[in-house]
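Asker: Before I ask anything, here is the structure I am working with.
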Amino acid sequence: MMDLLRSEPMQLVQLIIPMESAHCTISYLGDLGLFQFKDLNVEKSPFQRTYAAQIKRCGEMARKLLFLKEQMTKAGFTPSTRTTMSSNISLDELEVKLGELEAELAEMNTNTEKLQRSYNELLEYKLVLQKAGEFFHSAQRSATAQHKELEEHIHGERSIDSPLLLEQEAFANPSKQVKLGFVSGLVAREKSMAFERFLFRATRGNVYLKQVVVENPVTDPLSNSEVEKNVFVIFYSGERAKNKILKICDAFGANRYPFSDDIGRQYEMITEVSGKISELKTTVDIGQLHRANLLQTIGCEFDQWNLLVKQEKFIYHTLNMLNFDVTKKCLVGEGWCPVYATSQLQNALHRATSDSNSQVGAIFQVLHSTEMPPTYFRTNKFTSAFQEIVDAYGIAKYQEVNPGVFTIVTFPFLFAVMFGDWGHGICLFLATLYFILLEKKFLGQKLGDIMEMTFGGRYVIMMMALFSIYTGFIYNEFFSVPFEIFGRSAYDCRDPSCRDSTTIGLIKVRDVYPFGVDPKWHGTRSELPFLNSLKMKMSILLGVAQMNLGIILSYFNAKFFQNDVNVWHQFVPQIIFLNSLFGYLSLLIIVKWCTGSQADLYHVMIYMFLSPTDDLGENQLFIGQKYLQLFLVSLALVAVPWMLFLKPFLLKKQHKERHRGQLYAMLDNTDDSFELETHDHSHGHEEFEFSEIFVHQLIHTIEFVLGAVSNTASYLRLWALSLAHSELSSVFYDKVLLLAMGFNNLIILIIGIIVFIFATIGVLLVMETLSAFLHALRLHWVEFQNKFYEGDGYKFSPFSFGLISEDDNKMT
């Protein structure tokens, strides 16, 4: 745990790698994941770097892999994680194989698309033949019936009422009869009404349109999507009408198909089309089966190929960060690594030299630098979430005290102070236990944003739940109901009506309740004033303790970095000022609790500054309190100018002494004019701006003095949130559950239980958890960490294959 107190010692290292072993070396370093390379070619564009062609090549392979993945997704396949025999495929072989697979799949897609379109067209054609054939058959039967009826009228007994035109039509010259043309096909049902109106207007009603509804949706050959359609037959007269009809059909996307009015020919066409459909169906199925087998084979090896391409691209990006020495035919790289990893890195370099059959080994040498190293903490799955809470505020400066160590305890504890109920704590713990027990299952799945955040912080929530159970025992609340867990109450009723009276109605009959709040306080009239006073004073004590911890940690930072000015002129006055006011207030609270005094602490603290020489009277808690207050006020008043004035003047004095020492050193080396010039340039940027330093210190002093008051008041949120949680829990229990029980009705009781469960989960276990979490986060970031934590460092980002994201198809 104490490894987290300060970041790992880092060192700047130079690597000189022969060209023949460069790729293998970088690959082994990526497997190790403990070296952060510096970009030594910042001035060069990506296209001017040495390995731009190789990166472009990997990008093209990544594009082909993306194409294969899209094809698998469309076919409903997912990449398999099982290993295959071709696990040692090289990049050149993979490039050739991906090109072949892309070309083969593209050809398959084109052929399948053509075949599928022909198949869909034949299905539509068959529908037209069937539906239009039915129409022609019914029309022919109707015409035959009319013809028989006409013959009966002609050869039978004629009456004066018989129509003369029937006889004229029957014996008219066939050559003079008008032969109508027709167009048949399918049109989308949603367009059918507009299609009919447009035809009528364009031809001025000189067409006859017959439409038949197709019961099931039809796959459109062009869009390859299912569409509800109608079969139509349009009868017309003349070429002009025909041309108009064809144009309208094209405009409405209606598919036209040839049709014969000869019944015998219709049967032949249906038989022919059915045969073609059967042949095409077989061909399409065989093609789909072959394509599915190919995609399944690709899916077995896709993850391995994808990882190989990403790793190669990552390696070449890293190689582009190294300097190419043309004369020595080697690559020179620089970067940061932890000190403890020196032997591991050297072993990786030796392995790379032997595996690549290089005659010259890579050189590993430590450089001395004034540049600030990156910050690296070795975390595990338990501590990483707490470290992320701190890192979200700012990355720790190199080797400054890490708040993450203390956050592991203080963060869940302050949350639990606001969330104290051991019933709710158990519910929260059981929910978290589910994620912890099945963490291996969830690690391999893609979760939603909220679920992923919850799963990532499962150990934080577990600690919050455990501390909530602990504080719930202190508050003696289980869904707002008290229990005599640790023994019987110290108080008992003087008479049966004492429940509705104040605590004066209770008499002490036993020893003090051993742990937490006595259960008899719950339900009395004085419960709220008592718990208010208890939780408010407890919040101040916790706040002052945590702020003191922050100031003490600033002392350890100053000692570690050998900054005596910060020790004597920042830490000392700050600890004096804070404890002269609020440390003294904490002392008064403890004394009042121990003595049972009725002193008004508000009055004591206010008149400590307004009238420090007045007698305290009944507010005096101990002998000599007045003189102690005068001494503490004097210390607080002295601490403010101590913080403000001494540090800027001492920094100015130190700068002058350093500058004078540099001048003497330069006079000793006057023979070397170049060296003198270098010193001049290297120290020219270190000009001391006293006004800037003084204004900065003034702001820092004002911020601390005002922050000491505001931060202490800010910790009262522990009291407010704890009280709100307790009262909400009590309201849900009394006004929902108990009220439902009072009706003596099973249905109302079930409804009441359901409402109580949903209110508890939705409000207390979700909203209140989030609220208490955010308030605890604020207390750590602002009230605690601003006392010592600078957070202006940068994170150690090693070159590691383990950091390659599955969804990152391109590296910038």
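Going from the start of the chain as shown, residues are counted 1 onward.
Any Cβ shown, glycine's included, is placed from N, Cα and C.
These came from TrEMBL, pasted as-is:
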COILED    91-118  coiled coil
TRANSMEM  413-438  transmembrane segment
TRANSMEM  459-476  transmembrane segment
TRANSMEM  538-558  transmembrane segment
TRANSMEM  570-591  transmembrane segment
TRANSMEM  627-650  transmembrane segment
TRANSMEM  746-767  transmembrane segment
Asker: Averaged across the coiled coil (91-118), what pLDDT does the model get? Just tell me the whole number, please.
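Answerer: Averaged over the coiled coil (91-118), per-residue pLDDT gives 92.
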Asker: Against which stretches of its own chain does the transmembrane segment (627-650) lie, if we need a Cβ under 8 Å and a gap of at least six residues from its ends?
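Answerer: Those are 565-566, 569-570, 572-574, 576-577, 580-581, 584, 608-609, 612-613, 690, 693-694, 697-698, 700-701, 704-705, in sequence order.
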Asker: Restricting to CB pairs under 8 Å, which listed stretch, 413-438, 538-558, 570-591, is in contact most with the transmembrane segment (746-767)?
Answerer: 413-438
Asker: Below 8 angstroms Cβ to Cβ, which residues of this chain, lying six or more residues outside the transmembrane segment (538-558), approach it?
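Answerer: Result: 400-401, 403, 406, 410, 414, 417, 564, 566-567, 570-571, 574-575, 578-579, 582-583, 585-586, 589-590, 708, 711-712, 714-719, 779, 783-789.
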